[in-house]
């Protein structure tokens, strides 16, 4: 009996040992196949899987509408997103407030009164932060999250090439923006002032190249610093770009434009020399940019978004020129409503782009999704999907953010014209601002999936279109708001 009992016990122990080995083997395979990584961590795109040594954090598997989806979607909690975004968003908004105050002040300068076509340039040049700096921030954020900026050598090569790339793009966009501004100015009356054209071109080139150099250098430092501090650069870099982008660009435009106006009045040839100087520099920047493969890809395929978004922003400038003539008080609010919308949608686009890079191959939407999946407003704003939650967090910032920024505008305005306020204006204004951001966030989640499915990197293509659309929508809705209030209570506006 004792031998039989001992034999049975040994058989049971051997069976349990076999089961333990099988369980350990299965657990090891599961760990190798499904990695846990947050949105801000590095990942490898090789074989469309994340490496084991990059595991740290939490994930959510699958989307709410696909119970059989077992792929890993890297997310942050809504609270983490809110607290990472709210501070740079507020700083960005303060920068836009001061940009609006500056625009309200300088609209009475000789430059804007003698050459009103400058108003058409304003949204196009302010939109450079969306065309160039925010795109750079998104591109560098994705590289940082994928481990492409971890060594000093990588940082030097990538940043020098990308800053040179920004100079090439700024030169081309500024030249085209000034030409398009003159075209829009010519259309109403059929007259073209060539001296004004030279002044606009020189001002646009000097503004774009100077502001873009300063801001791209700052963006590079922010991305590297965020990565070193364990903060997701997708949440920080684009708002920081927005915080100083409008104010820096508008200040540089007013300064250079005024200097070149005096040169135009006294030494007309000086503006032509300035134009020639920046055009001659372009091939030098081009040669430096061609050293990096990522920058080369942008040079080959990244022009359409930049140019078309500039044209869209210039349409907003055409509206602004008319709006300022009819409602001078509108100048204080234009950079704010445009900037807040562009800021929030750029954060969402940058996050979506990083997630797609981590989850799949360019040209193939993850989990077998199709672009039609992103045409539902319900899915975009009211589902449990991680991008829907982040959209709700960003929408939550709109109303309190604009109320705070409008209070700052009233507090710090320096011109004799008092900006409108009160319940009527605030309610109309907040409705316009909320409508703008809702449209932008909905278009964002569709556009990013669309360009990704077509094999185009959203880091380069999505943000320029979205911020330009924000400029056009914001300026148009603001003009409609002032027009509606004028019909109800003319003394307010």
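Using the three backbone atoms N, Cα and C, a Cβ is placed for every residue, glycine included.
A Cβ distance under 8 Å defines the sequence-distant neighbours of the transmembrane segment (81-103), meaning residues of its chain 6+ beyond its ends; these are 122, 126, 231-232, 235-236, 239-240, 242-247, 250-251, 254, 331-336, 339-340, 343-344, 347, 390, 393-394, 396-397, 401, 404-405, 408-409, 412-414. Positions annotated as transmembrane segment by TrEMBL: 81-103 (among others).
According to TrEMBL, the feature domain 'SLC41A/MgtE integral membrane' maps to 122-255 (among others).
The transmembrane segment annotation in TrEMBL covers 164-187 (among others). Long-range contacts of the transmembrane segment (164-187) within the same chain, counting only residues at least 6 positions beyond its ends with a Cβ under 8 Å from a Cβ of the stretch, are 116-118, 120-121, 124-125, 128, 131-133, 136, 196-197, 200-201, 203-205, 207-209, 212-213, 216, 278-279, 281-282, 285-286, 288-289, 292, 295, 298-299, 302-303, 306-307, 310-311, 314, 317-318.
Non-local neighbours of the transmembrane segment (199-224) in the same chain are 115, 117-118, 121, 125, 128-129, 132-133, 136-137, 140-141, 144, 149, 155, 159, 162-163, 166-167, 169-171, 173-175, 177-179, 181-182, 233, 236-237, 240-241, 244-245, 248-249, 252-253, 256-257, 260-261, 264, 271-272, 274-275, 278-279, 281; each lies 6+ residues outside the stretch with a CB under 8 Å from one of its CB atoms. Taken from TrEMBL, the feature transmembrane segment applies to 199-224 (among others).
Per TrEMBL, transmembrane segment is recorded for 236-261 (among others).
Away from its own ends, the transmembrane segment (268-290) comes close to residues 160-162, 164-165, 167-168, 171-172, 175, 195, 198-199, 201-202, 205-206, 209, 260, 296, 299 of its chain (Cβ-Cβ under 8 Å, at least six residues beyond either end). Per TrEMBL, the feature transmembrane segment maps to 268-290 (among others).
Cβ atoms under 8 Å from those of the transmembrane segment (302-320) belong to residues 119-124, 126-127, 130-132, 135, 169, 172-173, 176-177, 180-181, 184, 330, 334, 338, 460-462, 464-465, 467-469, 471-472, 474-476, 479 of the same chain, restricted to positions at least 6 beyond its ends. What TrEMBL records for 302-320 (among others) is transmembrane segment.
The annotation domain 'SLC41A/MgtE integral membrane' is assigned in TrEMBL to 334-480 (among others).
Nonlocal intrachain contacts for the transmembrane segment (391-409), taken as residues 6+ away from its ends with a CB within less than 8 angstroms of a stretch CB, comprise 78, 81-82, 85-86, 89-90, 93-94, 96-97, 100-101, 332-333, 336-337, 340, 344, 347-348, 380-381, 419, 421, 426, 429-430, 433-434, 437-438, 441, 445. According to TrEMBL, the feature transmembrane segment maps to 391-409 (among others).
Packing against the transmembrane segment (429-453) from elsewhere in the chain are residues 333, 337, 340-342, 344-345, 348-349, 352-353, 356, 362-365, 369-371, 373-375, 377, 380-381, 387, 391, 394-395, 398-399, 402-403, 406, 461-462, 465-466, 469-470, 473-474, 477-478, 480-481: each is 6 or more residues past its ends and has a CB under 8 Å from a CB in it. The annotation transmembrane segment is assigned in TrEMBL to 429-453 (among others).
As annotated by TrEMBL, transmembrane segment applies to 465-485 (among others). Sequence-distant contacts of the transmembrane segment (465-485), counting only residues of its own chain at least 6 positions beyond either end whose CB sits under 8 Å from a CB of the stretch, comprise 123, 126-127, 129-131, 134, 305, 308-310, 312-313, 315-317, 319-320, 322-323, 326-327, 329-330, 333-334, 337-338, 341-342, 345-346, 349, 420, 424-425, 428-429, 431-433, 435-436, 439-440, 443-444, 447, 492-493.
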With DSSP as the yardstick, break the domain 'SLC41A/MgtE integral membrane' (334-480) down into helix, strand and coil residue counts.
120 helix, 0 strand, 27 coil
